[in-house]
Each structure stands twice: as structure tokens, then as C-alpha cells.
Amino acid sequence: MPLKELIDRDWQELESEGVLFSSLEKLVAWGRSNSLWPATFGLACCAIEMMSSTNARNDMSRFGSEVFRASPRQADVMIVAGRLSKKMAPVMRRVYDQMPDPKWVISMGACASSGGMFNNYAVVQNVDSVVPVDIFVPGCPPRPEALIYAVMQLQKKVRGEAFDQLGQQLPMVDAWTRELR
């Protein structure tokens, strides 16, 4: 009997007995997607909405993000909430560099995403020019529900279940590096 048929038969027997097969990478991605720990980086009025996303009504803890970390070494998600001044940009980059891999960034609000409604010389026009952003949340300020939706989209991205507007599956972020496969 060929080796492939023997292995297929053994797998079928194990599956019929209730043994579950999966890759370790998918298991790690599933665990990571359900325990995203955000770093507090509130800069303006969007930070108030970010704080209200953890209250009893919105309950962000349903998605494993209930504990906002004060130390970047314990966080894997940075939520940039509000406008980023040019003097604060190097500090934000340093905080991002101190976060362990893998790490993700959510840009929350019009100021963080595009510099805000006013073209001010002292404000960075796009947080993406300082750190790589994974999810943009529109609004001025965005409601807590929008931030929770962004966390849910980030969970899908971490698990490799994210799709673009054309229905194409986006590449899964490798569990150990920032590179895409």
C-alpha cells in the first residue's frame, strides 16, 4: 500500500474519533486575535471616546482588549487617538519600537488619520508616516462602537480572515514577524 493512502486512512480514522487537526500557526493567530492588549496613547478628544469604549455599555472586554497597558512592553496594539504633534512624533515612534513583535496600530479619528479638519503646521498630517497603521477609524471623534468595530477587523486580520472590497482575501500577518506572506 502506498504511503499516501496509509496516511490518509490513518487521518480519516483519527478524524472519525474526534481528533482535530490544525496548524500551530493558525492556533497561535486565533489566541493572539482574542487577546489584543492595547497601549494607551491618547492625545486629544478621541482618547475620551477610547476610554468610554471600555465602560459597561460598550464592554470592549468581550474581545479580549479590556486591559489597557501603560507599558509598551506589555502591549501588542497601539491605538493612536487624536492629533499627533510634530514634537510628539519621535516619542510615539520610540513607544512603537519598544512594543514586542508582532504589533499592530489603530489610527483613531480624523486628526490621527489625516491631520484633522484644519491644516496646522504643528500637526503630523498622517500617523502612517511615523508608524505603519493597520486599521484607520474615521470620525471626529469616532464613537466607541467604531473603535470596537476596528478591533474586530484587526482580529480578522490577525487570524487571516480579512477581505478587501473586491472579495480578495488579504494576506495573513505572520505570527512571528511583521512581514506578509
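Cβ atoms are placed via backbone N, Cα and C, with glycine included.
Annotated features in Swiss-Prot:
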type	residues	note
BINDING	Cys45, Cys46, Cys111, Cys140	[4Fe-4S] cluster binding site
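Least crowded of the binding-site residues (Cys45, Cys111, Cys140), judged by neighbouring Cβ atoms within 10 Å of its own Cβ: Cys140. Long-range Cβ contacts of Cys46 ([4Fe-4S] cluster binding site) within its own chain (separation 6+, distance under 8 Å): Ala81, Gly82, Met108, Gly109, Cys111, Ala112, Pro141, Pro142.
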